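Worksheet for the structure shown next.
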Amino acid sequence: MPVITEIEDLKRIYRRRVPKMFYDYTESGSWTEQTFRENVTDFEKLRLRQRIAVDMDGRSTQSEIIGEKVAMPVALAPVGMTGMQQADGEIKAAKAAAEFGVPYTLSTMSICSIEDVAEHTSKPFWFQLYTLKDEDFMDRLIERARAANCSALVITVDLQILGQRHKDLKNGLSAPPKLTPKSIANMMTKVGWGLEMLQTKRRFFGNIVGHAKGVSDPSSLSSWTAEQFDPSLDWGKIARIKEKWGGKVILKGIMEPEDARMAMQVGADAIVVSNHGGRQLDGALSSVAMLPRVLDEVGSEIEVLMDGGIRSGQDVLKALALGAKGVMLGRAYVYGLGAMGQAGVTTALEVIRKELDTSMALCGRKRVQDLDRSVLYVPEDFGGRWKP
Ligand SMILES: Cc1cc2nc3c(=O)[nH]c(=O)nc-3n(C[C@H](O)[C@H](O)[C@H](O)COP(=O)(O)O)c2cc1C
C-alpha cells in the first residue's frame, strides 16, 4: 500500500488508474483555465499566525452546517459522472461521507441514481439540482429527492449554459465512454478500472436515462446540457423551485455580493461562493478572493459556504478564518475516489481533517468555531484592487 500523506498523493494514483477522458474531465477548467488555477493559488496568498503556549488539549473540528451536525465543516460537492471515475462512484463517495460524518451532495448528472444512492446509504444526503427547461422532469427530480429523504436541495445557479473545456470536446467525453481506437487504447492500460466497470450496471446518467424525454444523445454531457438546461433561469424561477421543495435550500455558484443579497431575499438557507471550480466563467476571480466581499455583504445574515481550490486542511482553515461556515470539496475527493474507491474518499477526508486540526492547534485555537480573521495574515490587496 502506498503511503498517503497529502491530497497530491491521491491525485498521482488517480491519474494512473483512470482513463484519460475522465481524468481530463476533472482536471480542467474552462478556456484558458485562469480561474481554475487561481482558485488554488490564491489560497497561498493567505498566511497563518503561529501562536504558542496556548493549551491545545481537547480540540474539536465538529460543527454544524444548515443545522446538521458535521465531523468537520466540509461537505462533498456535487460532481457529475462520479460513477465514471470508479464503478458505483457516487454510492462509494456517499458511504464514505456518511461514515465520516460530513454531508454528501449527489449531482443531477450522476451515474448512480437518487434512488440507488438512497438505497445503499443510511444517512440523508443533499441533492444538487440543475434547472431544466422540461419543468415536468425537474418537478419529478424534486419529488424523487424528497422521496429519497434528501435533507437539502443544492440549486446550482451558475450553469445555465455550459462553459467550454477544450479537452472534453477533444476527448469526446461521454458516459459510457464511446469506443474509438484512441479511447480503447487508453482504457486497455486501465485494467483495474475496466474490470470494475464491467461488473456494474451503472454506466449511464442514472437520473436521466429512462426519465427524461427528447434527449438526442443521452451519453453526451455537452449535448444534454445544451438541449435541456434552462437558459432563462431567473430569481422568480429560483423562488418557485424553493417553494416546490419546501425544505432547506442552498444556492451554489454565487460570486457577487449583490447576488448574495438576492439569494437571501428568496429565502435561501445558505449560499456557496463558487465559480464551479473554474469550469464556467473563465476570467472570474477566485472563490477565495470573492469570499470576503460576499461575507461583508451577507455574512451575518446567512450561512456562507465556499468551494474552489481546496486541496488541504489549511485551505479549509483559511476559508473558515475568513468567515465561511463551511466548505465543499470537489476535486480533492474525486482524486481519492479514482485512486482507491470508498477508502480513497475516506483517506482524502482524513488527510484534510488532520491538516485542519494540526494547523488550528499551531494557530492556538481549539475549536473551528474559534477561527477568525485574527489567525490570518491577509495581504492588504488580497482579492486585488479591482473596480467593478
Ligand atoms: C469533474 C467535476 C464535475 C462537476 N460537476 C458538477 C455538477 O454536476 N454540479 C455542480 O453543481 N457542480 C459540479 N462541479 C463543481 C463542484 O461542485 C465544485 O463547485 C468544484 O469542484 C469546486 O472546486 P474544486 O474542485 O477546486 O474543489 C463539478 C466539478 C468537477 C471538478
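Easy rule for this one: first residue shown is 1, then count along the chain.
For all residues, glycine too, the Cβ spot is worked out from N, Cα and C.
Annotation for His276 (active site, proton acceptor): same-chain Cβ neighbours under 8 Å, separated by at least 6 residues, are Thr156, Asp158, Leu159, Gly163, Gly253, Gly308. TrEMBL lists His276 with the feature active site, proton acceptor.
Using a 10 Å Cβ-Cβ cutoff, Arg165 (glyoxylate binding site) registers 24 neighbours. What TrEMBL lists as glyoxylate binding site is Tyr25, Arg165, His276, Arg279.
DSSP assigns Gln128 (FMN binding site) to a strand. Residues or ranges marked as FMN binding site in TrEMBL: 78-80, Ser107, Gln128, Tyr130, Thr156, Lys252, Ser274, 307-311, 330-331.
Residues annotated as domain 'FMN hydroxy acid dehydrogenase' in TrEMBL: 1-381.
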For Gln128 (FMN binding site), the spatially nearest of the binding-site residues Tyr25, Arg165, Arg279, using Cα atoms, is Arg279
Specify all same-chain residues, apart from the site residues Tyr25, Arg165, His276, Arg279, whose Cβ lies within 8 angstroms of the center of the Cβ atoms of the glyoxylate site, ordered by sequence. Ser28, Gly29, Ser30, Gly163, Asp168, Gly277, Gly278, Gln280
Mean of the pLDDT scores, which run from 0 to 100, over the domain 'FMN hydroxy acid dehydrogenase' (1-381): 96
Given a 10 Å Cβ-Cβ cut-off, pick out the one of the binding-site residues Gly80, Thr156, Ser274 that has the most other Cβ atoms nearby. Ser274
